[in-house]
Amino acid sequence: MDSRAKRILGAVSVPSFMIGTDFTGAMLLVTPIEQEYSVDITTTQWVLNAYALTLSMGLVAGGRLGDLLGHRRYVLIGLGIFFAASIACVFAPTVSALIFARAAQGVGSALIWPCILALAATSVEEDERGKAMGILMGTVAGGNVLAPFIAGSLAALGDWRGFFVFNAVFAVIAALLIFRFIDREKEHARDETVDLSGMAVLAIAVFCLLFGLDTGADNGWFNGTTLLLFAGALVFFAAFPFVEKFVKDPMIPLPMMRNHQFVRTLALNGLPAIVLFLCLLYLPQYMQKVLGWSIFWSSMGMLPLAVVVASMNLAVGNYYNSIGPRKLMAAGHAFLVLGCVLMLFLQTSWGYVALVPVMIVVGIGGGLVFGPAGTAAVNAVGAQGAGLAGGLSFMFHLGLGAIGIACATAMMFVTAIKKVETIVSSAGIKLPLNELRVLAAGTLDDPAVKSITERYSGKDIDVINTAVRDSFAAGLHAAFWFGLAVAIIGVVVSVSLDESKLRTDAPEDDAAEI
């Protein structure tokens, strides 16, 4: 690898790390965001899902725009959008403003990610592209792993908004490096178009599903609005393949849709992400809401998961061909099943030590799946579709992860409210639904919770405090029942793979067969 290629890889690694930190770092900030804006988890999940939705839906369009008008140009445009959105997050006066700013961050990231992949791939010789892609994937994985510690440390120093200041500073540094070390491209692909119709249909379908889950948790599953949103999601998901037939350059080409091995590998890029995101979102909240830890120490408490995932990602790639992707991914999902089962037996009296085996087991499972799933998706379509396959893999990783978080959160919140109602009503305390919701989503030091407990005295306060602690644990069990079902599906899909078409040493014709 020559010095020019090294400079380019160094430059694009900075925005890669930035994108890696943005999603998982925000997960640690859910509790302080809830407290500042006096909202519950069904609202704050949109701080995460708005970013994941716009990023995952915009990846293919971002790549196409880079091909048409220049990858360097669109990396810089994306960094500008990301910077402005990060500043908007810092000064967001309401949670709605924060959610819109996070959605804009996702748009910026959707322009950046596919274009830095293309810049990295074209900066090296063909036989070194695997190494270049590995460096970029390593930096984004490093961002995923380090983000909770960065977010926790910055929040502990002053305010949760400090994390978005960090994002803004990183965007400026990345833009300066791209501008300095990467030359403007002279030739672009002019015969491609952006599939705006397919992107819009899929985005509307996912939005209807996510918002329907949110509305169902708040207003009931047979509420008219809820049913209308679910019906809309069904209609738009069903319409997506039909729309793609009439598009010149479809978001997902029809041969890829008919490639059963490729479709399964896309699912395997998303299913384990759901379980990992459950841990990244809810375990820090468990440490804060149940164990009473500060945001800084809860970020430190996630260290076992971070270390194991990082170590497994480094090691597993060496065994892709010798062990095989099917065995690796089936074993990984089996570990995820075990991790979810351990969470189902978790008792609040066991303390932090009970979480350590969960994080180790889930870390092993995720590490066994993530790398092989991405490689298998590329191998399933062959070298000609490698770039698009890589983009779609990341799209499914984030998209299914966001849908999974929304499903689990809906189950969690409904279960937590029922648990609070059961505990307080058994003690003869009658509370309206809005106060049950506050207790189900709050912490003992939450001002909204204190405003309820200060009306009571003696044993009644103890009962309400118990309801706050136990409701979160009960909701957590419900969320990981969902995670368990997802992990079991992952085992089944992994076992169904035709491994001969997914190895890196497979003949090109076999790999690309549809």
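Backbone N, Cα and C define each Cβ position, glycine as well.
Caution: TrEMBL annotation is automatic and unverified by curators.
A quick note: this is a predicted structure, and the numbers were derived from the prediction, not measured.
Annotation comment: TrEMBL describes 8-502 as domain 'Major facilitator superfamily (MFS) profile'.
The annotation transmembrane segment is assigned in TrEMBL to 12-33 (among others). The list of residues near the transmembrane segment (12-33) in space but at least 6 beyond its ends in sequence, with Cβ under 8 angstroms from a Cβ of it, reads 39, 41, 44-45, 47-48, 51-52, 55, 75, 79, 82, 95, 98, 102, 105, 109, 112-113, 116, 119-120, 135-136, 139-148, 150-152, 155, 160, 163, 166-167, 170-171, 173-174, 177-178, 182, 277, 280-281, 284-285, 288-289, 295, 298-299, 302, 398, 443.
Among the features that TrEMBL reports, transmembrane segment is placed at 45-62 (among others).
Residues annotated as transmembrane segment in TrEMBL: 74-93 (among others).
Panel annotation: around the transmembrane segment (99-121), residues 8-9, 12, 15-16, 19, 22, 26, 46-48, 50-63, 65-67, 71-72, 74-75, 77-86, 88-89, 92, 129, 132-133, 135-136, 167, 182, 387, 390-391, 394 of the same chain, lying at least six beyond its termini, place a Cβ under 8 Å from a Cβ of the stretch. Residues or ranges marked as transmembrane segment in TrEMBL: 99-121 (among others).
Residues or ranges marked as transmembrane segment by TrEMBL: 133-157 (among others).
Positions annotated as transmembrane segment by TrEMBL: 163-182 (among others).
Annotation comment: TrEMBL describes 194-213 (among others) as transmembrane segment. Below 8 angstroms of C-beta separation, residues 49, 53, 57-58, 60-61, 64-65, 68, 226, 229-230, 232-233, 235-237, 239-240, 243-244, 247, 249-252, 399, 402-403, 406-407, 409-410 of the same chain, each at least six residues beyond the ends of the transmembrane segment (194-213), sit close to that stretch.
The transmembrane segment annotation in TrEMBL covers 225-243 (among others).
Counting only same-chain residues 6+ beyond the ends of the transmembrane segment (263-283), those with a CB under 8 A from a CB of the stretch are 24, 27-28, 30, 48, 148, 256-257, 301-302, 305, 309, 329, 332-333, 336, 339-340, 355, 358-359, 362, 365-366, 369-370, 373-374, 376-377, 380, 392-394, 396-401, 403-405, 408, 412, 476, 479-480, 483, 486-487, 489-490, 493-494, 496-497, 502. Summarising the annotation, TrEMBL assigns transmembrane segment to 263-283 (among others).
Annotation comment: TrEMBL describes 295-316 (among others) as transmembrane segment.
Here TrEMBL flags 328-346 (among others) as transmembrane segment.
Annotation comment: TrEMBL describes 478-497 (among others) as transmembrane segment.
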Best-packed against the transmembrane segment (328-346), counting Cβ pairs under 8 Å over 74-93, 133-157, 295-316, 478-497, is stretch 478-497
One stretch in 74-93, 133-157, 225-243 has more Cβ pairs under 8 Å to the transmembrane segment (295-316) than the rest, namely 133-157
Contact set of the transmembrane segment (74-93) with the rest of its chain, CB cutoff 8 A exclusive, min separation 6+ beyond the ends, reads 12, 15, 18, 62, 65-66, 100-102, 104-105, 107-112, 115-116, 119, 161, 164-165, 167-168, 171-172, 174-175, 178-179, 182
Sequence-distant contacts of the transmembrane segment (45-62), meaning Cβ under 8 Å and at least 6 residues beyond its ends, amount to 22-23, 26-27, 29-30, 33, 74, 78, 95, 98-100, 102-107, 109-115, 194-196, 199, 202-203, 206-207, 210, 214, 251-252, 281, 388, 391-392, 394-399, 401-402, 405-406, 409
